[in-house]
Amino acid sequence: MKILSGREKAEQDLKQLKKELDELNLNRPIKLAIIQVGDKMESNRYVEQKLKKAKEIGIEAKCFKFDENITQKRLLLAMDEINENWDGILIQLPLPRHLPKEVILDAVPYEKDIDGLSHRNEFILYNEKNSDDKFFVPAAARAVLELIEHHEINYKKKKVAVVGRSHLVGKPVAHILKRRGASVSTFDENTPIKLVASADIVIVAIGVPKYIKAENIKQGAIIIDVGTNYDQNDPSVILGDVDHESVKTKASAITPVPGGVGPLTVVCLLKNLVEIYK
């Protein structure tokens, strides 16, 4: 079984991104604001990774952390102030339940919405033939697509199953692959999982540890596991949405967790940020 690593490409792309930044010859660093509400361990780890990689290539990044009980009004006021001085703005998800996610995401100015999750960005992404406006492909979705291209996985006229319909990964990946010539079917927890078994390529981003097992895929399938789930018994262990031990006798190739889509996701986020200036 071939391992579809994302680490090498992430390192190469980060070096290339630093070179592009140097060539832009800006009179100040590009600035990234990360807005985090609460103190979840998982969110803290993701934010640390983003801050670290941004610093490596000369991007000024800062996390604005707010109490988990902050009101919608106070958060929106704080975001207005942040918007005045920062080039790109990222909302670290998930948000506490009392905060309406769509309202908070839409409060990020469209041109600074580097994770591409506002309604306006999504509208342009899914209707791009009718618009000349710039849009951002959500970072995790872009990472999946770039990893597929990097490993030269042929998806045209192939059956592709996208398990998970989130705005972060499943929906944009399915839309873009379909537009590029793949035969795409989408699935979620309410869809009969047995239908996945006919797919040549299975992309899994459903947020459930070990959701896909050997009996759910066909012999020789290529698996892209986007899942990042922390083991409740051991927070140092990260589990994918695929049972890797189970599928290893059937899959022809699979992304590792960690080390597959994850490293590329952070780099793709920074690519989106730098593209503001291109």
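Keep in mind that glycine also has a Cβ here, set from the backbone N, Cα and C atoms.
These figures come from a predicted structure and were not determined experimentally.
Under the heading NADP(+) binding site, TrEMBL lists G164, R165, S166, T228. Look at TrEMBL and you will find 4-115 tagged as domain 'Tetrahydrofolate dehydrogenase/cyclohydrolase catalytic'. According to TrEMBL, the feature domain 'Tetrahydrofolate dehydrogenase/cyclohydrolase NAD(P)-binding' maps to 138-277.
Counting other C-beta atoms within 10 Å of each candidate's C-beta, the binding-site residues S166, T228 are led by T228. Per the record's binding annotation for NADP(+), residues G164, R165, S166, T228 show a top Cα-Cα distance of 16 Å. For the domain 'Tetrahydrofolate dehydrogenase/cyclohydrolase NAD(P)-binding' (138-277), the mean pLDDT of the prediction comes to 95. Sorting the domain 'Tetrahydrofolate dehydrogenase/cyclohydrolase catalytic' (4-115) by DSSP state (H, G, I as helix; E, B as strand; all else coil) yields 55 helix, 19 strand, 38 coil. Across the binding-site residues listed here (G164, R165), the residue whose Cβ sits among the most other Cβ atoms within 10 Å is G164.
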